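According to TrEMBL, the protein carries these features:
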{"type": "DOMAIN", "residues": "3-126", "note": "domain 'N-terminal'"}
{"type": "DOMAIN", "residues": "157-283", "note": "domain 'Polyvalent protein metallopeptidase'"}
Amino acid sequence: MSDIYQEVTHKIVEALQQKVVPWIKPWHPGRPASSPFPSNAVTGRAYRGVNILLLWTEARLQGYSQDRWLTYLQAKEAGGHVRKGESSTLTVFYSYKEREARDQSGNIIRDAEGLPKLERIPVLRRNFLFNIEQTEGVEAAPEEIAAPGEGFSPHAEAEDLMRRSGACIIHRSENKAFYSPAQDYIQLPCVQQFSSTGGYYATALHELIHWSGHARRLNRAGIVLPTPFGSQEYAFEELIAEVGAAYLCALTGIQGELRHEGYIESWLQVLQSNKQAIFRASAYARDASEYLLTLKADRLTA
């Protein structure tokens, strides 16, 4: 059996080599009001983690306009079928198996009655999905689409997220955006310097993901440890911030232009050197976005 971690990484690497960034959501007209992420066409359940990236990637590559997916069997049970010749999309899930627990010396750990203790071990497995557009005869509820706004105006959900974080955000008429771990503040160009509302908020949320890694918050290595520009550690933290910002953009309904162009080569190096990097990055990004969504401000932004 081939290595699933390597298989997933290969798909992400292939997309980046084609300049298709997996964490850019492909739909522009609006977003489903119920969920901003790919979801199951039958159950409505939203997919999570690296599966979001895999499904967004395939949607961009194939030009799908819908965000709903299902298995071959689900299509059949729904009274339809997958069209002949259609190719499936790889996703993954964890199942668990039990085994005897052992100590560091390899000895079986036993309970008070002398019976072996059992531990649950996660096992990564494949799951193959089809987009709803690859099927015929499948009845699925239409997605309610939230209409996009026009012009440059404050985005209420994003503004609320930034305010509730309590992060110190400073705007200056300079051509740079960054988070300073040492001084714990975010600097952004003035709003008027951005060409679009989406560009401004995508940049702000990218820096807010960095901010979440401070030692007093999520204590992420890429923020609390020295990470020289150009190093793999630096590139990995940027990958976390980019994916995390993409999650927050999707959750708040922002079609943002994320700052990926200058990092593609460094991301490729990270992914090609560590087959579990994209799993780790998506997990850190999810943790950061969920952390930010639960915060209540103890001070206003500046």
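Think of each number as a place in line: the chain as shown, counted from 1.
Placement of Cβ uses the backbone N, Cα and C atoms for every residue, glycine included.
Look at the domain 'N-terminal' (3-126): DSSP puts its residues at 33 helix, 35 strand, 56 coil. Averaged across the domain 'N-terminal' (3-126), pLDDT in this predicted model comes to 84. Across the domain 'Polyvalent protein metallopeptidase' (157-283), DSSP assigns 73 helix, 12 strand, 42 coil.
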